[in-house]
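**Student:** Sharing a structure here in structure tokens format.
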Amino acid sequence: MQAPPPEHCPGVESEQAGLVSACAGCPNQSICSDPSKKLEDPGKALVAAAMKDVKHKLLILSGKGGVGKSTVTTLLTRYLARSYPDNNFGVLDIDICGPSQPRLLGALGENVHQSGSGWSPVGIDDNVCLMSIGFLLGSVDDAVIWRGPKKNGMIRQFLSEVDWGNLDLLLLDTPPGTSDEHLSVVSYLRDDNAPESLHAIIVTTPQEVALLDVRKEINFCKKQRIPILGVIENMSSFRCGHCGNSSEIFPAKTGGAAAMCIEMDVPLLGSLPLDPLVTRSCDAGEDITAMRNETTEALATICSKIMSSL
């Protein structure tokens, strides 16, 4: 039997497991430092079984909070579902402390039902379903105040106990940064026998304070061996509804996402404008992807690149 981990345990999946100073004196140190002795998490087998009919998993990541990652997840889901009606799409909201997808996808107040095959995700459209902790709270104002292990347990339940059915693509809306949630979901979904099934998209805004954290997110993906489909620059410009002039709300001091992508050797999928119509529609849970405007034209290019890369 393994002993409880030390307070600053790097985690058994870490390359530093059993090797850093926090591991000194831990009775599990010899197990963690020797790959041949590491125990397989039984949850991985459960997740693999539950995900066997999900062709592709796509992590939507952002190094910095407030860059519109959840909104981009919603826009991608809506546009993909409309453009590829024969495909099935799912959204998993693993931002445990700040779930946004029920509101953004117009599913506030919906309930999750349980059957013999697990939790049934909430249907959004004919070919879109959603699972979020937001459906399990008593009120939309309830705070989720959980430490890492409890968050990880919830994520494992979402991955192993939700009856997703046959999905062509599952989009995972993640919290900002590289926290417990990210390490947990990657450890469960990464399959060395099928590395092409898990990918990532990284969302940023043009200013350097966001790009600084995006570089860290890119390095996280590279260290975790997650292929990056590309970067989406959100809120790249704003077009005035009165005069029609375009301006930069977040000026790109160092060349924005385009320069950063060249520097980090990752693709730039495209740029989305700061669109008041998107803000209003997401607050109301409405779909604007049938309209033809600057946002949907950009989405068409981005979604085409995503589907051709999978």
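Here the Cβ of each residue, glycine as well, is placed from N, Cα and C on the backbone.
Annotations for this protein, taken from Swiss-Prot, read as follows:
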- CYS9, CYS23, CYS26, CYS32: [4Fe-4S] cluster 1 binding site (BINDING)
- GLY63, LYS64, GLY65, GLY66, VAL67, GLY68, LYS69, SER70: ATP binding site (BINDING)
- CYS240, CYS243: [4Fe-4S] cluster 2 binding site (BINDING)
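Any idea what these are sitting next to in the structure?
**Tutor:** In three-state terms derived from DSSP, LYS69 (ATP binding site) belongs to a helical segment.
When secondary structure is read from DSSP and collapsed to three states, CYS243 ([4Fe-4S] cluster 2 binding site) falls in the coil class. Sequence-distant neighbours of CYS243 ([4Fe-4S] cluster 2 binding site) (same chain, six or more apart, CB under 8 Å from its CB) are absent.
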**Student:** Going by a 10 angstroms cut-off between Cβ atoms, which of the binding-site residues GLY63, GLY65, GLY66, GLY68 has the sparsest surroundings?
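**Tutor:** Counting other Cβ atoms within 10 Å of each of the binding-site residues GLY63, GLY65, GLY66, GLY68 gives the minimum at GLY66.
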**Student:** Using C-alpha atoms only, work out the spacing between CYS9 ([4Fe-4S] cluster 1 binding site) and GLY63 (ATP binding site) and round it to an integer in Å.
**Tutor:** 23
**Student:** Any idea what the Cα distance is from CYS240 ([4Fe-4S] cluster 2 binding site) over to GLY68 (ATP binding site), rounded to a whole Å?
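**Tutor:** Counting only the Cα atoms, the answer is 20 Å.
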**Student:** Please report the Cα separation of CYS23 ([4Fe-4S] cluster 1 binding site) and SER70 (ATP binding site) in Å, rounded to an integer.
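**Tutor:** Counting only the Cα atoms, the answer is 36 Å.
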**Student:** Compute the mean position of the Cβ atoms of GLY63, LYS64, GLY65, GLY66, VAL67, GLY68, LYS69, SER70, which form the recorded ATP site, and then list in sequence order the other residues of that chain whose Cβ is within 8 Å of it.
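**Tutor:** Same chain, not in GLY63, LYS64, GLY65, GLY66, VAL67, GLY68, LYS69, SER70, Cβ within 8 Å: SER62, PRO176, VAL203, THR204, THR205, ALA210, ASN234.
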